[in-house]
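Trainee: Copied straight from Swiss-Prot:
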BINDING   Gly112, Thr113, Asn114, Gly115, Lys116, Thr117, Thr118  ATP binding site
MOD_RES   Lys221  N6-carboxylysine
BINDING   Arg378, Asp402, Asn403, Pro404, Arg405, Gly455, Glu459  meso-2,6-diaminopimelate binding site
MOTIF     402-405  motif 'Meso-diaminopimelate recognition motif'
Amino acid sequence: MQIKDLIYKVSLISVSGRTDVDVTAICFDSRKVEKGSMFIAVRGVSSDGHSFIADVIQKGATAVVCEELPEIESTADCTIIQVKDSAEALGMIASNFYDSPSSKLKLVGVTGTNGKTTTVTLLYRLFRKLGYKTGLLSTVENIIEDKVVQATHTTPDAISLNKLLADMVKAGCTHCFMEVSSHAAVQRRIAGLQFAGGLFSNITHDHLDYHKTFDEYIKAKKLFFDGLPNDSFALINSDDKRGRVMIQNTRAKTYTYSLLALADFKGKLISTTMQGLEMDVDGIQAWFRLIGNFNAYNLLAVYATAVLLGEDKEEVLMQLSTIEAANGRFEQQISATRITVIVDYAHTPDALKNVLETITELKGANKIITVVGCGGNRDAAKRPVMADIACQFSDHVVLTSDNPRNEEPQAILTEMEKGVRIVDKKKVLSVLDRKEAIKVACTLASTGDIILVAGKGHETYQEIKGVKYPFDDRLIIKELLDTLGK
């Protein structure tokens, strides 16, 4: 593909050099540049691609895309393209390089603090059951029809993302459902993608380590809807007071869903048990295998999205009633002595509260024992809040490590302990080692009790000082219950 084809629709400031030259590869990592490559100089969190322009020209790059022109004597035969926003240009160029794969799919993006993974996973499974070849891009995994590609971020970088979408098109997929994180919107990783629709679930306290203020976080989520085309749909949870903010400037056709008020798609939770929930959806009663009020919202969002994509209401509900939750989302193990252990990815205050409220409604006279930690190098303000919420709903709380990353685990625990009120101190233990913490919870539990192990969900590792060690809450729980004879 030639340079002129790659910069189609890119907002250009200047072009110095030929544009009728072939490009064999595109990259934003200077280490991957080879002769014939186009290098896009992107400003990252820890490094600036502009610092490596001289290096990539020496390596034989055919073209360089940048915001600031390089201060070097000679650019050889390299075409220099100046743009206003190189991160946005990267998205557009990646889309052009892979022949605009998103335009050949019905691509739906899901954003919000909680529920993204469950929602996209349910949509993926639903559309498979409806007979479509479907792709999935999620925190847990990326799937091309039925081929799993492991995920490393909620939203991959623009080049990886377009390659995945191109592979989906090649595999015959007609639909793709993807999580869209606030980071991805701000970093322009979704620039150049053509969405058939966007879905907003809710917004609560998260990622303030990156966005700094809650207003900035809201604006980051809103960016996604601002960029939707006029032939797409924007579906919002109208029970979240910030839902309307998301669609203030969107060109998309807007729709709402709600459990509490009038909306385009209306649901009402009838009952919920540890086996599932019954809900009225647009006047039709149906039973689902998911649990809790928060999942009623996820199910309603999935139903509404499917209908907006042209599917039959009754067929959607019938197929949706057969689908189970995503891995690590309210995932249950029941021991020989009838102790229920729930593993959930809840790693924000709101998500933890939702899960514990659901367990409280269903527990009867039995105890709730919560094991919870907070990740390192992430929003520290939520740490005492998470501990406080765990105490409010639990009979025993074991504070522990999550993914400490590059922070000291004890320092994170100390910050969590600040959220424990004097009246709750007797019910709280701090156990630094996560496996030991789960063991303590299992030891405290008796027949009928419920243990919640929160924070990591589907993850199969624990990240400490830059190293990911094998660690799966679900396997640890099974091992400990068997060892303890519980």
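Every residue, even glycine, has its Cβ placed from backbone N, Cα and C.
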Trainee: To what whole number does the mean pLDDT across the motif 'Meso-diaminopimelate recognition motif' (402-405) round?
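Mentor: Average per-residue pLDDT within the motif 'Meso-diaminopimelate recognition motif' (402-405): 97.
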Trainee: What parts of the chain pack near the motif 'Meso-diaminopimelate recognition motif' (402-405), using Cβ distances under 8 Å and only residues at least 6 beyond its ends?
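Mentor: For the motif 'Meso-diaminopimelate recognition motif' (402-405), the sequence-distant neighbours (Cβ-Cβ under 8 Å, at least 6 residues beyond its ends) are 347, 372-378, 412, 434, 455-456, 459, 461-466.
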Trainee: For the motif 'Meso-diaminopimelate recognition motif' (402-405), give the DSSP counts of helix residues, strand residues and coil residues.
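Mentor: The breakdown for the motif 'Meso-diaminopimelate recognition motif' (402-405) reads 0 helix, 1 strand, 3 coil.
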Trainee: Identify which of the binding-site residues Pro404, Gly455 has its Cβ surrounded by the largest number of other Cβ atoms within 10 Å, counting every protein chain shown.
Mentor: Gly455
Trainee: Including all protein chains displayed, how many Cβ atoms other than that of Asn403 (meso-2,6-diaminopimelate binding site) lie within 10 Å of its Cβ?
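Mentor: A count of 24.
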Trainee: Using the CB centroid of Gly112, Thr113, Asn114, Gly115, Lys116, Thr117, Thr118 as the ATP site centre, which other residues of the same chain sit with their CB within 8 A?
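Mentor: Neighbours found: Val110, Thr119, Glu179, Ser201, Asn202, Asn298, Ala351.
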Trainee: How far is it from Glu459 (meso-2,6-diaminopimelate binding site) to Gly112 (ATP binding site), counting Cα to Cα, in Å?
Mentor: 20
Trainee: I'd like to confirm something. Which of the recorded positions, Lys221, Pro404, Gly455, has a Cα closest to the Cα of Thr118 (ATP binding site)?
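Mentor: Nearest in space to Thr118 (ATP binding site), counting only the recorded positions, is Gly455.
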Trainee: Quick one: of the binding-site residues Asn403, Pro404, Arg405, Gly455, which has its CA closest to the CA of Thr113 (ATP binding site)?
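Mentor: Minimum Cα distance from Thr113 (ATP binding site) across Asn403, Pro404, Arg405, Gly455 lands on Gly455.
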Trainee: For the meso-2,6-diaminopimelate binding residues given in the record (Arg378, Asp402, Asn403, Pro404, Arg405, Gly455, Glu459), what is the largest pairwise C-alpha separation in angstrom?
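Mentor: This binding site's residues have a maximal Cα-Cα distance of 17 Å.
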